[in-house]
(Lines of atoms letter the chains of each structure in order from A and count residues from 1; the text may use other names and numbers.)
(Lines give C-alpha, C1' and ligand atoms only; values in the text may rest on other atoms or scores of the structure.)
Protein backbone atom coordinates (compact mmCIF):
# COMPACT_ATOMS: atom_id res chain seq x y z
CA UNK A 1 0.00 0.00 0.00
CA UNK A 2 1.61 3.27 -1.12
CA UNK A 3 0.81 6.64 0.46
CA UNK A 4 0.74 9.59 -1.95
CA UNK A 5 -0.49 13.16 -1.65
CA UNK A 6 -2.02 15.72 -4.01
CA UNK A 7 -2.75 19.42 -3.61
CA UNK A 8 -6.41 20.36 -3.51
CA UNK A 9 -8.20 23.42 -4.90
CA UNK A 10 -10.55 24.25 -2.00
CA UNK A 11 -10.81 23.25 1.63
CA UNK A 12 -12.51 24.06 4.89
CA UNK A 13 -10.17 26.19 6.98
CA UNK A 14 -11.94 26.26 10.34
CA UNK A 15 -15.27 26.21 12.16
CA UNK A 16 -15.91 28.26 15.29
CA UNK A 17 -18.72 28.91 17.74
CA UNK A 18 -19.12 32.64 17.14
CA UNK A 19 -21.94 33.63 19.52
CA UNK A 20 -23.91 32.29 22.46
CA UNK A 21 -27.03 32.40 20.26
CA UNK A 22 -27.69 32.29 16.51
CA UNK A 23 -25.47 34.29 14.16
CA UNK A 24 -27.61 36.80 12.26
CA UNK A 25 -25.04 38.59 10.05
CA UNK A 26 -21.36 38.68 9.13
CA UNK A 27 -18.88 40.40 6.81
CA UNK A 28 -15.27 39.89 5.73
CA UNK A 29 -12.78 42.74 5.52
CA UNK A 30 -12.20 43.11 1.78
CA UNK A 31 -8.88 44.95 2.02
CA UNK A 32 -6.99 42.27 3.95
CA UNK A 33 -9.22 39.22 3.69
CA UNK A 34 -8.06 38.47 7.24
CA UNK A 35 -10.74 40.11 9.42
CA UNK A 36 -14.28 38.95 10.10
CA UNK A 37 -17.10 40.68 11.96
CA UNK A 38 -20.10 38.66 13.14
CA UNK A 39 -23.39 39.87 14.57
CA UNK A 40 -25.66 37.68 16.66
CA UNK A 41 -29.06 37.40 18.22
CA UNK A 42 -27.20 37.93 21.51
CA UNK A 43 -26.98 41.62 20.42
CA UNK A 44 -23.17 41.51 20.18
CA UNK A 45 -20.69 42.22 17.40
CA UNK A 46 -17.59 40.01 17.58
CA UNK A 47 -14.36 40.69 15.66
CA UNK A 48 -12.23 37.71 14.54
CA UNK A 49 -8.93 37.12 12.79
CA UNK A 50 -9.47 34.57 10.03
CA UNK A 51 -8.14 31.13 11.06
CA UNK A 52 -7.76 32.16 14.72
CA UNK A 53 -10.05 30.29 17.16
CA UNK A 54 -10.58 33.12 19.66
CA UNK A 55 -12.50 36.38 19.33
CA UNK A 56 -10.30 39.51 19.26
CA UNK A 57 -12.91 41.99 20.42
CA UNK A 58 -16.56 41.92 21.49
CA UNK A 59 -18.68 45.05 20.94
CA UNK A 60 -21.78 45.60 23.04
CA UNK A 61 -24.52 48.20 23.18
CA UNK A 62 -27.23 46.95 20.86
CA UNK A 63 -30.46 45.91 22.54
CA UNK A 64 -31.80 43.83 19.63
CA UNK A 65 -30.24 41.29 17.21
CA UNK A 66 -27.53 42.63 14.89
CA UNK A 67 -28.86 42.25 11.33
CA UNK A 68 -26.07 43.84 9.24
CA UNK A 69 -22.38 44.76 9.57
CA UNK A 70 -19.77 46.49 7.41
CA UNK A 71 -16.06 47.40 7.66
CA UNK A 72 -14.71 50.62 6.19
CA UNK A 73 -11.97 50.38 3.55
CA UNK A 74 -9.12 50.57 6.08
CA UNK A 75 -10.82 48.01 8.36
CA UNK A 76 -10.25 50.30 11.34
CA UNK A 77 -13.96 51.01 11.76
CA UNK A 78 -17.04 48.82 11.77
CA UNK A 79 -20.71 49.77 11.69
CA UNK A 80 -23.56 47.50 12.76
CA UNK A 81 -27.29 47.86 12.21
CA UNK A 82 -29.85 46.26 14.50
CA UNK A 83 -33.33 44.86 14.27
CA UNK A 84 -34.66 47.93 16.10
CA UNK A 85 -33.33 50.28 13.39
CA UNK A 86 -30.34 51.75 15.24
CA UNK A 87 -26.75 52.05 13.97
CA UNK A 88 -23.57 51.89 16.01
CA UNK A 89 -20.15 52.88 14.70
CA UNK A 90 -16.99 51.67 16.46
CA UNK A 91 -13.33 52.61 16.14
CA UNK A 92 -11.55 49.25 16.36
CA UNK A 93 -8.09 50.74 16.66
CA UNK A 94 -9.11 52.85 19.68
CA UNK A 95 -11.52 50.15 20.93
CA UNK A 96 -14.37 52.58 21.54
CA UNK A 97 -17.82 53.57 20.30
CA UNK A 98 -17.84 56.60 17.97
CA UNK A 99 -21.47 57.13 17.10
CA UNK A 100 -24.96 55.86 17.84
CA UNK A 101 -27.41 56.77 15.08
CA UNK A 102 -31.14 56.32 15.59
CA UNK A 103 -32.97 56.61 12.31
CA UNK A 104 -34.81 53.69 10.71
CA UNK A 105 -38.19 52.51 11.92
CA UNK A 106 -37.47 48.86 11.06
CA UNK A 107 -34.59 46.40 10.89
CA UNK A 108 -31.45 47.53 9.04
CA UNK A 109 -30.49 44.87 6.51
CA UNK A 110 -27.72 46.55 4.42
CA UNK A 111 -24.80 48.94 5.01
CA UNK A 112 -21.86 50.39 3.11
CA UNK A 113 -19.13 52.96 3.78
CA UNK A 114 -18.43 55.76 1.32
CA UNK A 115 -14.90 55.37 -0.18
CA UNK A 116 -13.82 58.55 1.62
CA UNK A 117 -15.02 57.09 4.91
CA UNK A 118 -16.96 60.06 6.27
CA UNK A 119 -20.36 58.94 5.04
CA UNK A 120 -22.22 55.66 5.16
CA UNK A 121 -25.47 54.38 3.71
CA UNK A 122 -28.04 52.14 5.36
CA UNK A 123 -30.96 50.23 3.88
CA UNK A 124 -33.94 48.96 5.84
CA UNK A 125 -36.74 46.45 5.76
CA UNK A 126 -39.04 49.49 5.52
CA UNK A 127 -37.64 50.02 1.94
CA UNK A 128 -35.89 53.31 2.82
CA UNK A 129 -32.23 54.23 2.21
CA UNK A 130 -30.45 56.83 4.32
CA UNK A 131 -27.14 58.60 3.85
CA UNK A 132 -25.37 59.50 7.11
CA UNK A 133 -22.65 62.01 7.91
CA UNK A 134 -20.80 60.13 10.66
CA UNK A 135 -18.82 63.23 11.69
CA UNK A 136 -21.91 65.29 12.48
CA UNK A 137 -24.00 62.39 13.66
CA UNK A 138 -26.90 63.02 11.32
CA UNK A 139 -28.86 61.77 8.33
CA UNK A 140 -28.22 64.05 5.35
CA UNK A 141 -30.56 62.45 2.84
CA UNK A 142 -33.22 59.81 2.44
CA UNK A 143 -33.75 57.98 -0.85
CA UNK A 144 -37.21 56.67 -1.66
CA UNK A 145 -38.16 54.36 -4.51
CA UNK A 146 -37.98 50.73 -3.46
CA UNK A 147 -41.19 49.02 -2.37
CA UNK A 148 -39.64 46.21 -0.31
CA UNK A 149 -36.58 45.55 1.87
CA UNK A 150 -33.22 46.91 0.66
CA UNK A 151 -30.93 43.86 0.70
CA UNK A 152 -27.62 45.35 -0.41
CA UNK A 153 -25.94 48.74 -0.91
CA UNK A 154 -22.70 49.59 -2.74
CA UNK A 155 -20.93 52.90 -3.40
CA UNK A 156 -19.16 53.34 -6.74
CA UNK A 157 -15.33 53.47 -6.60
CA UNK A 158 -15.38 57.24 -7.26
CA UNK A 159 -17.93 57.78 -4.49
CA UNK A 160 -20.49 59.61 -6.67
CA UNK A 161 -23.10 56.86 -7.10
CA UNK A 162 -24.91 54.43 -4.84
CA UNK A 163 -26.41 51.15 -6.08
CA UNK A 164 -29.20 49.43 -4.15
CA UNK A 165 -30.66 45.93 -4.50
CA UNK A 166 -34.07 45.03 -3.15
CA UNK A 167 -36.55 42.27 -2.52
CA UNK A 168 -38.77 44.05 -5.07
CA UNK A 169 -36.56 42.48 -7.83
CA UNK A 170 -35.02 45.80 -8.89
CA UNK A 171 -31.59 47.42 -8.83
CA UNK A 172 -31.58 51.22 -8.54
CA UNK A 173 -28.73 53.64 -9.16
CA UNK A 174 -28.63 56.91 -7.21
CA UNK A 175 -26.65 60.09 -7.89
CA UNK A 176 -25.33 61.33 -4.53
CA UNK A 177 -24.57 64.83 -5.79
CA UNK A 178 -27.96 65.41 -7.39
CA UNK A 179 -29.78 63.46 -4.68
CA UNK A 180 -31.99 61.51 -7.09
CA UNK A 181 -32.33 58.17 -8.88
CA UNK A 182 -30.41 57.91 -12.16
CA UNK A 183 -31.89 54.68 -13.49
CA UNK A 184 -33.58 51.43 -12.52
CA UNK A 185 -32.76 47.90 -13.74
CA UNK A 186 -35.75 45.57 -13.77
CA UNK A 187 -34.64 42.39 -15.58
CA UNK A 188 -34.44 40.20 -12.47
CA UNK A 189 -37.54 38.13 -11.71
CA UNK A 190 -36.95 37.62 -7.98
CA UNK A 191 -35.31 39.33 -5.00
CA UNK A 192 -31.89 40.84 -5.75
CA UNK A 193 -29.51 39.81 -2.96
CA UNK A 194 -26.26 41.53 -3.87
CA UNK A 195 -24.73 44.25 -6.10
CA UNK A 196 -21.12 45.23 -6.75
CA UNK A 197 -19.36 47.79 -8.93
CA UNK A 198 -16.50 46.78 -11.22
CA UNK A 199 -13.24 48.01 -9.63
CA UNK A 200 -12.28 50.09 -12.71
CA UNK A 201 -14.90 50.18 -15.46
CA UNK A 202 -18.43 51.57 -15.59
CA UNK A 203 -19.99 48.16 -14.92
CA UNK A 204 -22.33 46.90 -12.22
CA UNK A 205 -23.04 43.25 -11.33
CA UNK A 206 -26.08 41.93 -9.48
CA UNK A 207 -26.99 38.50 -8.13
CA UNK A 208 -30.52 37.34 -7.47
CA UNK A 209 -32.73 34.66 -6.01
CA UNK A 210 -33.82 34.01 -9.62
CA UNK A 211 -30.49 32.12 -9.95
CA UNK A 212 -28.91 34.60 -12.36
CA UNK A 213 -26.02 37.03 -12.30
CA UNK A 214 -26.49 40.09 -14.52
CA UNK A 215 -24.07 42.79 -15.65
CA UNK A 216 -25.13 46.35 -16.43
CA UNK A 217 -23.40 48.97 -18.58
CA UNK A 218 -23.36 52.22 -16.59
CA UNK A 219 -22.78 54.42 -19.64
CA UNK A 220 -25.69 53.18 -21.73
CA UNK A 221 -27.68 51.87 -18.72
CA UNK A 222 -28.51 48.54 -20.33
CA UNK A 223 -27.84 44.88 -19.54
CA UNK A 224 -24.76 43.51 -21.30
CA UNK A 225 -24.60 40.03 -19.77
CA UNK A 226 -26.59 37.40 -17.88
CA UNK A 227 -25.59 34.01 -16.51
CA UNK A 228 -28.14 31.22 -16.63
CA UNK A 229 -26.09 28.36 -15.19
CA UNK A 230 -26.57 28.88 -11.44
CA UNK A 231 -28.00 25.88 -9.61
CA UNK A 232 -29.23 27.90 -6.63
CA UNK A 233 -29.85 31.35 -5.22
CA UNK A 234 -26.94 33.74 -5.86
CA UNK A 235 -25.82 34.74 -2.37
CA UNK A 236 -22.66 36.76 -3.03
CA UNK A 237 -20.57 38.07 -5.93
CA UNK A 238 -17.04 39.48 -6.18
CA UNK A 239 -14.98 40.91 -9.03
CA UNK A 240 -11.39 39.77 -9.33
CA UNK A 241 -9.15 42.66 -8.12
CA UNK A 242 -7.94 43.30 -11.69
CA UNK A 243 -11.53 43.20 -13.00
CA UNK A 244 -10.82 40.29 -15.35
CA UNK A 245 -13.69 38.07 -14.16
CA UNK A 246 -16.57 37.81 -11.73
CA UNK A 247 -16.98 35.20 -8.99
CA UNK A 248 -20.44 34.06 -7.99
CA UNK A 249 -21.19 32.14 -4.77
CA UNK A 250 -24.32 30.04 -4.42
CA UNK A 251 -25.07 27.09 -2.17
CA UNK A 252 -22.00 24.77 -2.24
CA UNK A 253 -20.86 26.17 -5.63
CA UNK A 254 -18.40 28.77 -6.95
CA UNK A 255 -18.66 29.93 -10.57
CA UNK A 256 -16.29 32.16 -12.56
CA UNK A 257 -17.83 34.34 -15.27
CA UNK A 258 -16.71 36.50 -18.16
CA UNK A 259 -18.79 38.87 -20.28
CA UNK A 260 -19.03 40.22 -23.82
CA UNK A 261 -19.58 37.45 -24.73
CA UNK A 262 -21.17 35.68 -21.73
CA UNK A 263 -19.17 32.65 -20.68
CA UNK A 264 -18.46 30.51 -17.64
CA UNK A 265 -14.75 29.89 -17.16
CA UNK A 266 -14.94 27.44 -14.27
CA UNK A 267 -17.32 25.75 -11.82
CA UNK A 268 -16.16 24.40 -8.44
CA UNK A 269 -18.13 22.39 -5.90
CA UNK A 270 -16.82 23.78 -2.61
CA UNK A 271 -19.30 22.42 -0.06
CA UNK A 272 -19.55 25.67 1.89
CA UNK A 273 -23.32 25.51 2.29
CA UNK A 274 -25.09 28.88 2.20
CA UNK A 275 -22.04 31.05 1.63
CA UNK A 276 -22.48 34.61 2.91
CA UNK A 277 -19.41 36.63 1.90
CA UNK A 278 -16.24 36.45 -0.21
CA UNK A 279 -12.84 38.19 -0.10
CA UNK A 280 -9.53 37.74 -1.97
CA UNK A 281 -6.06 37.79 -0.42
CA UNK A 282 -2.75 36.39 -1.69
CA UNK A 283 -4.54 34.95 -4.73
CA UNK A 284 -6.76 32.91 -2.43
CA UNK A 285 -10.49 33.35 -2.05
CA UNK A 286 -11.68 33.43 1.56
CA UNK A 287 -15.35 32.49 1.94
CA UNK A 288 -17.47 32.39 5.06
CA UNK A 289 -20.83 30.84 5.90
CA UNK A 290 -22.86 30.39 9.07
CA UNK A 291 -25.46 28.10 10.55
CA UNK A 292 -27.06 28.64 13.96
CA UNK A 293 -24.24 29.92 16.20
CA UNK A 294 -21.41 28.39 14.13
CA UNK A 295 -19.29 30.15 11.50
CA UNK A 296 -17.11 28.33 8.95
CA UNK A 297 -14.21 29.62 6.82
CA UNK A 298 -13.29 28.14 3.44
CA UNK A 299 -10.33 28.75 1.15
CA UNK A 300 -10.17 28.43 -2.66
CA UNK A 301 -6.77 28.47 -4.36
CA UNK A 302 -7.33 30.86 -7.28
CA UNK A 303 -4.06 29.73 -8.89
CA UNK A 304 -5.90 26.53 -9.78
CA UNK A 305 -9.11 28.21 -10.93
CA UNK A 306 -9.73 28.99 -14.60
CA UNK A 307 -10.17 32.76 -14.98
CA UNK A 308 -9.80 33.20 -18.75
CA UNK A 309 -10.31 31.33 -22.01
CA UNK A 310 -13.37 30.64 -24.15
CA UNK A 311 -16.23 28.20 -23.90
CA UNK A 312 -17.04 25.90 -26.83
CA UNK A 313 -19.88 23.42 -26.34
CA UNK A 314 -19.53 23.76 -22.60
CA UNK A 315 -15.76 23.15 -22.53
CA UNK A 316 -13.19 25.82 -21.66
CA UNK A 317 -10.25 26.24 -24.00
CA UNK A 318 -6.96 27.81 -22.98
CA UNK A 319 -6.68 30.03 -26.06
CA UNK A 320 -7.81 33.64 -25.60
CA UNK A 321 -10.87 35.18 -27.22
CA UNK A 322 -9.91 36.46 -30.69
CA UNK A 323 -9.14 40.18 -31.03
CA UNK A 324 -10.81 41.81 -28.05
CA UNK A 325 -10.15 45.47 -27.53
CA UNK A 326 -10.29 44.94 -23.78
CA UNK A 327 -9.06 42.08 -21.58
CA UNK A 328 -12.55 41.77 -20.13
CA UNK A 329 -14.56 41.86 -23.32
CA UNK A 330 -15.06 43.21 -26.81
CA UNK A 331 -15.96 46.76 -25.77
CA UNK A 332 -13.55 49.32 -24.37
CA UNK A 333 -15.42 51.00 -21.54
CA UNK A 334 -14.91 54.20 -19.60
CA UNK A 335 -13.01 53.96 -16.31
CA UNK A 336 -13.80 55.67 -13.01
CA UNK A 337 -11.94 58.86 -12.25
CA UNK A 338 -10.37 58.80 -8.82
CA UNK A 339 -10.93 62.32 -7.44
CA UNK A 340 -8.86 63.81 -4.65
CA UNK A 341 -10.21 63.49 -1.13
CA UNK A 342 -10.79 67.23 -0.77
CA UNK A 343 -12.69 67.43 -4.06
CA UNK A 344 -15.05 64.64 -3.11
CA UNK A 345 -15.59 65.99 0.41
CA UNK A 346 -16.40 69.44 -0.99
CA UNK A 347 -18.99 67.97 -3.34
CA UNK A 348 -20.49 65.91 -0.55
CA UNK A 349 -20.54 68.97 1.71
CA UNK A 350 -22.48 70.95 -0.90
CA UNK A 351 -24.83 68.02 -1.34
CA UNK A 352 -25.33 67.72 2.41
CA UNK A 353 -26.20 71.40 2.72
CA UNK A 354 -28.67 71.08 -0.15
CA UNK A 355 -30.16 68.01 1.51
CA UNK A 356 -30.75 69.89 4.72
CA UNK A 357 -32.70 72.50 2.80
CA UNK A 358 -34.63 69.78 0.96
CA UNK A 359 -37.97 68.68 2.44
CA UNK A 360 -36.76 65.09 2.15
CA UNK A 361 -33.55 65.75 4.04
CA UNK A 362 -33.53 64.50 7.62
CA UNK A 363 -31.04 66.15 9.92
CA UNK A 364 -31.02 66.32 13.67
CA UNK A 365 -28.59 67.24 16.41
CA UNK A 366 -27.17 64.66 18.79
CA UNK A 367 -29.61 64.06 21.61
CA UNK A 368 -29.08 63.10 25.24
CA UNK A 369 -30.56 59.72 24.33
CA UNK A 370 -27.80 59.16 21.76
CA UNK A 371 -25.15 60.16 24.30
CA UNK A 372 -26.63 57.70 26.79
CA UNK A 373 -26.54 54.96 24.13
CA UNK A 374 -22.86 55.74 23.51
CA UNK A 375 -22.06 55.44 27.22
CA UNK A 376 -23.82 52.07 27.43
CA UNK A 377 -21.83 50.70 24.49
CA UNK A 378 -18.44 49.13 25.03
CA UNK A 379 -15.61 47.39 23.18
CA UNK A 380 -14.13 44.55 25.20
CA UNK A 381 -10.72 43.31 24.01
CA UNK A 382 -10.85 39.57 24.60
CA UNK A 383 -7.58 38.67 22.88
CA UNK A 384 -4.94 41.37 23.61
CA UNK A 385 -2.16 39.69 21.61
CA UNK A 386 -4.11 39.48 18.34
CA UNK A 387 -5.57 42.95 18.93
CA UNK A 388 -2.11 44.46 19.32
CA UNK A 389 -0.81 42.65 16.23
CA UNK A 390 -3.73 43.67 13.98
CA UNK A 391 -4.86 47.12 15.13
CA UNK A 392 -2.18 48.92 17.11
CA UNK A 393 0.52 49.07 14.39
CA UNK A 394 -1.73 51.52 12.50
CA UNK A 395 -1.24 54.18 15.17
CA UNK A 396 2.38 53.69 16.26
CA UNK A 397 5.71 54.23 14.56
CA UNK A 398 7.44 50.94 13.81
CA UNK A 399 11.14 50.54 13.09
CA UNK A 400 10.51 47.28 11.24
CA UNK A 401 8.51 46.68 8.05
CA UNK A 402 4.87 45.60 8.61
CA UNK A 403 4.30 41.90 8.84
CA UNK A 404 3.03 40.45 5.56
CA UNK A 405 0.18 38.02 5.53
CA UNK A 406 0.99 34.64 4.04
CA UNK A 407 -1.35 32.41 2.02
CA UNK A 408 -3.10 29.70 3.98
CA UNK A 409 -1.30 26.40 3.36
CA UNK A 410 -3.39 23.82 1.56
CA UNK A 411 -3.81 20.48 3.33
CA UNK A 412 -2.74 17.35 1.51
CA UNK A 413 -5.43 15.01 0.26
CA UNK A 414 -4.13 11.46 0.77
CA UNK A 415 -4.95 8.61 -1.57
CA UNK A 416 -4.05 4.93 -1.27
CA UNK A 417 -3.39 2.47 -4.08
CA UNK A 418 -5.61 -0.21 -2.61
CA UNK A 419 -9.15 0.07 -3.95
CA UNK A 420 -10.72 -0.66 -0.57
CA UNK A 421 -9.30 2.63 0.73
CA UNK A 422 -10.23 4.72 -2.31
CA UNK A 423 -13.86 4.96 -1.18
CA UNK A 424 -14.89 7.99 0.92
CA UNK A 425 -14.58 7.19 4.58
CA UNK A 426 -17.52 6.96 6.95
CA UNK A 427 -18.76 10.05 8.74
CA UNK A 428 -17.05 10.62 12.06
CA UNK A 429 -18.80 12.52 14.86
CA UNK A 430 -16.59 15.18 16.40
CA UNK A 431 -17.57 15.79 20.03
CA UNK A 432 -16.37 18.71 22.13
CA UNK A 433 -15.43 18.39 25.81
CA UNK A 434 -18.99 19.46 26.59
CA UNK A 435 -20.27 16.56 24.56
CA UNK A 436 -21.82 18.79 21.91
CA UNK A 437 -21.93 17.54 18.36
CA UNK A 438 -19.79 19.95 16.31
CA UNK A 439 -20.21 18.49 12.85
CA UNK A 440 -19.80 15.53 10.56
CA UNK A 441 -16.47 15.22 8.78
CA UNK A 442 -15.72 12.49 6.26
CA UNK A 443 -12.24 11.28 5.48
CA UNK A 444 -12.61 12.68 1.96
CA UNK A 445 -13.19 16.22 3.26
CA UNK A 446 -9.86 17.99 3.84
CA UNK A 447 -9.99 20.16 6.93
CA UNK A 448 -7.16 22.25 8.31
CA UNK A 449 -7.16 21.77 12.05
CA UNK A 450 -6.52 24.66 14.42
CA UNK A 451 -4.96 24.16 17.83
CA UNK A 452 -7.82 23.84 20.36
CA UNK A 453 -8.03 26.25 23.27
CA UNK A 454 -9.13 23.61 25.78
CA UNK A 455 -7.37 20.72 27.48
CA UNK A 456 -8.44 17.15 26.75
CA UNK A 457 -11.25 15.81 28.98
CA UNK A 458 -10.51 13.50 31.87
CA UNK A 459 -9.92 9.97 30.62
CA UNK A 460 -7.84 10.87 27.54
CA UNK A 461 -4.06 10.60 27.55
CA UNK A 462 -2.64 13.41 25.44
CA UNK A 463 0.51 11.44 24.72
CA UNK A 464 -1.51 8.81 22.88
CA UNK A 465 -2.34 11.33 20.18
CA UNK A 466 1.07 12.97 19.66
CA UNK A 467 2.90 12.24 16.39
CA UNK A 468 5.42 9.43 16.40
CA UNK A 469 9.03 9.71 15.28
CA UNK A 470 9.36 9.28 11.54
CA UNK A 471 11.68 6.80 9.94
CA UNK A 472 15.25 7.78 9.08
CA UNK A 473 14.23 8.86 5.57
CA UNK A 474 12.02 11.65 6.95
CA UNK A 475 8.97 10.15 5.19
CA UNK A 476 6.30 8.26 7.07
CA UNK A 477 6.24 4.63 5.95
CA UNK A 478 3.19 2.41 5.65
CA UNK A 479 3.74 0.63 8.97
CA UNK A 480 4.37 3.89 10.82
CA UNK A 481 1.27 5.47 9.30
CA UNK A 482 -0.94 2.56 10.34
CA UNK A 483 0.62 2.45 13.81
CA UNK A 484 -0.11 6.13 14.35
CA UNK A 485 -3.69 5.70 13.16
CA UNK A 486 -4.23 2.79 15.58
CA UNK A 487 -2.47 4.41 18.51
CA UNK A 488 -4.90 5.74 21.06
CA UNK A 489 -7.85 4.27 19.16
CA UNK A 490 -8.80 1.88 21.96
CA UNK A 491 -8.65 4.66 24.58
CA UNK A 492 -10.87 6.88 22.49
CA UNK A 493 -13.37 4.07 21.88
CA UNK A 494 -13.66 3.34 25.60
CA UNK A 495 -14.13 7.05 26.36
CA UNK A 496 -16.83 7.58 23.74
CA UNK A 497 -18.60 4.30 24.55
CA UNK A 498 -18.83 5.29 28.21
CA UNK A 499 -20.17 8.72 27.32
CA UNK A 500 -22.72 7.23 24.93
CA UNK A 501 -24.02 4.86 27.60
CA UNK A 502 -24.34 7.68 30.12
CA UNK A 503 -26.22 9.89 27.65
CA UNK A 504 -28.49 6.99 26.72
CA UNK A 505 -29.32 6.47 30.40
CA UNK A 506 -30.16 10.15 30.83
CA UNK A 507 -32.26 10.09 27.66
CA UNK A 508 -34.25 7.14 28.98
CA UNK A 509 -35.01 8.99 32.23
CA UNK A 510 -35.79 12.17 30.29
CA UNK A 511 -38.42 10.29 28.27
CA UNK A 512 -40.44 9.89 31.47
CA UNK A 513 -40.88 13.66 31.54
CA UNK A 514 -39.05 14.25 34.83
CA UNK A 515 -36.34 16.80 34.07
CA UNK A 516 -35.04 16.98 37.66
CA UNK A 517 -34.57 13.22 37.86
CA UNK A 518 -32.72 13.32 34.54
CA UNK A 519 -30.39 16.01 35.86
CA UNK A 520 -29.87 14.17 39.15
CA UNK A 521 -28.92 11.02 37.23
CA UNK A 522 -26.44 13.02 35.17
CA UNK A 523 -24.92 14.51 38.35
CA UNK A 524 -24.58 11.05 39.89
CA UNK A 525 -22.43 9.92 36.95
CA UNK A 526 -19.65 12.26 38.10
CA UNK A 527 -19.07 13.46 34.52
CA UNK A 528 -19.47 17.21 34.06
CA UNK A 529 -19.69 16.86 30.26
CA UNK A 530 -23.02 15.03 30.68
CA UNK A 531 -24.29 17.77 33.02
CA UNK A 532 -23.27 20.40 30.47
CA UNK A 533 -25.16 18.56 27.72
CA UNK A 534 -28.34 18.62 29.82
CA UNK A 535 -27.91 22.28 30.77
CA UNK A 536 -27.37 23.28 27.15
CA UNK A 537 -30.81 21.85 26.39
CA UNK A 538 -32.76 23.31 29.28
CA UNK A 539 -31.03 26.70 28.92
CA UNK A 540 -32.82 26.98 25.58
CA UNK A 541 -36.18 26.12 27.15
CA UNK A 542 -36.80 28.33 30.20
CA UNK A 543 -40.26 26.78 30.60
CA UNK A 544 -38.58 23.57 31.83
CA UNK A 545 -37.08 25.36 34.84
CA UNK A 546 -38.60 24.88 38.29
CA UNK A 547 -37.42 25.95 41.73
CA UNK A 548 -36.46 22.42 42.76
CA UNK A 549 -34.34 22.17 39.60
CA UNK A 550 -32.32 25.16 40.83
CA UNK A 551 -31.40 23.34 44.03
CA UNK A 552 -29.78 20.58 41.95
CA UNK A 553 -28.13 22.83 39.38
CA UNK A 554 -26.53 25.51 41.57
CA UNK A 555 -23.88 23.21 43.12
CA UNK A 556 -22.92 22.09 39.60
CA UNK A 557 -22.71 25.69 38.39
CA UNK A 558 -20.07 26.39 41.03
CA UNK A 559 -17.89 23.66 39.50
CA UNK A 560 -18.57 24.86 35.95
CA UNK A 561 -17.61 28.47 36.66
CA UNK A 562 -14.22 27.33 37.98
CA UNK A 563 -13.61 24.86 35.15
CA UNK A 564 -10.61 25.12 32.85
CA UNK A 565 -12.88 24.43 29.85
CA UNK A 566 -14.32 27.59 28.29
CA UNK A 567 -17.45 25.79 27.08
CA UNK A 568 -18.19 24.67 30.65
CA UNK A 569 -17.77 28.24 31.95
CA UNK A 570 -20.05 29.62 29.23
CA UNK A 571 -22.79 27.10 30.01
CA UNK A 572 -22.51 27.78 33.73
CA UNK A 573 -22.82 31.53 33.18
CA UNK A 574 -25.91 31.11 31.02
CA UNK A 575 -27.59 28.90 33.63
CA UNK A 576 -26.74 31.23 36.52
CA UNK A 577 -28.01 34.27 34.61
CA UNK A 578 -31.27 32.47 33.86
CA UNK A 579 -31.76 31.49 37.52
CA UNK A 580 -31.10 35.04 38.75
CA UNK A 581 -33.50 36.61 36.27
CA UNK A 582 -36.32 34.09 36.70
CA UNK A 583 -36.12 32.96 40.31
CA UNK A 584 -34.45 35.68 42.39
CA UNK A 585 -37.71 37.67 42.81
CA UNK A 586 -39.42 34.51 44.07
CA UNK A 587 -36.52 33.62 46.40
CA UNK A 588 -36.33 37.16 47.80
CA UNK A 589 -40.09 37.49 48.36
CA UNK A 590 -40.32 34.07 50.01
CA UNK A 591 -37.45 34.67 52.43
CA UNK A 592 -38.62 38.16 53.42
CA UNK A 593 -42.31 37.29 53.76
CA UNK A 594 -43.77 37.29 57.31
CA UNK A 595 -44.52 33.88 58.89
CA UNK A 596 -47.85 32.36 57.90
CA UNK A 597 -50.63 31.52 60.32
CA UNK A 598 -51.20 27.81 60.77
CA UNK A 599 -49.50 24.95 58.95
CA UNK A 600 -48.77 25.36 55.24
CA UNK A 601 -46.63 22.43 54.09
CA UNK A 602 -46.30 23.68 50.49
CA UNK A 603 -45.16 27.09 51.67
CA UNK A 604 -42.69 25.55 54.09
CA UNK A 605 -41.20 23.35 51.34
CA UNK A 606 -40.85 26.36 49.07
CA UNK A 607 -39.20 28.30 51.91
CA UNK A 608 -36.63 25.53 52.43
CA UNK A 609 -35.83 25.38 48.69
CA UNK A 610 -35.44 29.17 48.52
CA UNK A 611 -33.19 29.12 51.59
CA UNK A 612 -30.98 26.44 49.99
CA UNK A 613 -30.81 28.41 46.72
CA UNK A 614 -29.90 31.61 48.55
CA UNK A 615 -27.04 29.87 50.35
CA UNK A 616 -25.68 28.51 47.08
CA UNK A 617 -26.02 31.89 45.38
CA UNK A 618 -24.04 33.56 48.18
CA UNK A 619 -21.27 31.02 47.66
CA UNK A 620 -21.34 31.66 43.92
CA UNK A 621 -21.16 35.44 44.40
CA UNK A 622 -17.58 35.10 45.66
CA UNK A 623 -16.59 33.01 42.63
CA UNK A 624 -18.21 35.53 40.28
CA UNK A 625 -16.52 38.46 42.05
CA UNK A 626 -13.07 36.90 41.63
CA UNK A 627 -13.64 36.05 37.96
CA UNK A 628 -15.03 39.52 37.19
CA UNK A 629 -11.72 41.07 38.21
CA UNK A 630 -9.82 39.00 35.67
CA UNK A 631 -9.28 40.01 32.04
CA UNK A 632 -10.33 37.31 29.65
CA UNK A 633 -12.89 35.92 27.26
CA UNK A 634 -15.73 35.88 29.79
CA UNK A 635 -14.79 39.00 31.74
CA UNK A 636 -17.80 41.05 30.65
CA UNK A 637 -20.15 38.13 31.33
CA UNK A 638 -18.91 37.84 34.91
CA UNK A 639 -19.23 41.60 35.36
CA UNK A 640 -22.86 41.34 34.27
CA UNK A 641 -23.42 38.46 36.69
CA UNK A 642 -21.79 40.48 39.47
CA UNK A 643 -24.31 43.29 38.93
CA UNK A 644 -27.19 40.82 39.01
CA UNK A 645 -25.88 39.21 42.19
CA UNK A 646 -25.53 42.57 43.93
CA UNK A 647 -29.22 42.13 44.77
CA UNK A 648 -28.25 39.37 47.23
CA UNK A 649 -26.90 42.00 49.63
CA UNK A 650 -30.15 43.94 49.89
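Heads up, the Cβ atoms here are built off N, Cα and C, so glycines get one too.
Going by TrEMBL, these are the annotated features:
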| type | residues | note |
| --- | --- | --- |
| COMPBIAS | 346-378 | compositional bias 'Basic and acidic residues' |
| DOMAIN | 487-645 | domain 'Katanin p80 subunit C-terminal' |
| REGION | 319-411 | region 'Disordered' |
| REPEAT | 16-58 | repeat 'WD' |
| REPEAT | 59-100 | repeat 'WD' |
| REPEAT | 101-142 | repeat 'WD' |
| REPEAT | 143-184 | repeat 'WD' |
| REPEAT | 185-226 | repeat 'WD' |
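In the predicted model, the repeat 'WD' (16-58) has a mean pLDDT of 91. Below 8 angstroms of C-beta separation, residues 24-27, 29-32, 35, 37-47, 106-113, 115, 117, 120, 122, 124, 132, 134, 137, 370, 373-374, 376-381, 387, 391-392, 394-395, 636 of the same chain, each at least six residues beyond the ends of the repeat 'WD' (59-100), sit close to that stretch. According to DSSP, the repeat 'WD' (185-226) comprises 0 helix, 24 strand, 18 coil.
Look at the repeat 'WD' (59-100): DSSP puts its residues at 0 helix, 25 strand, 17 coil.
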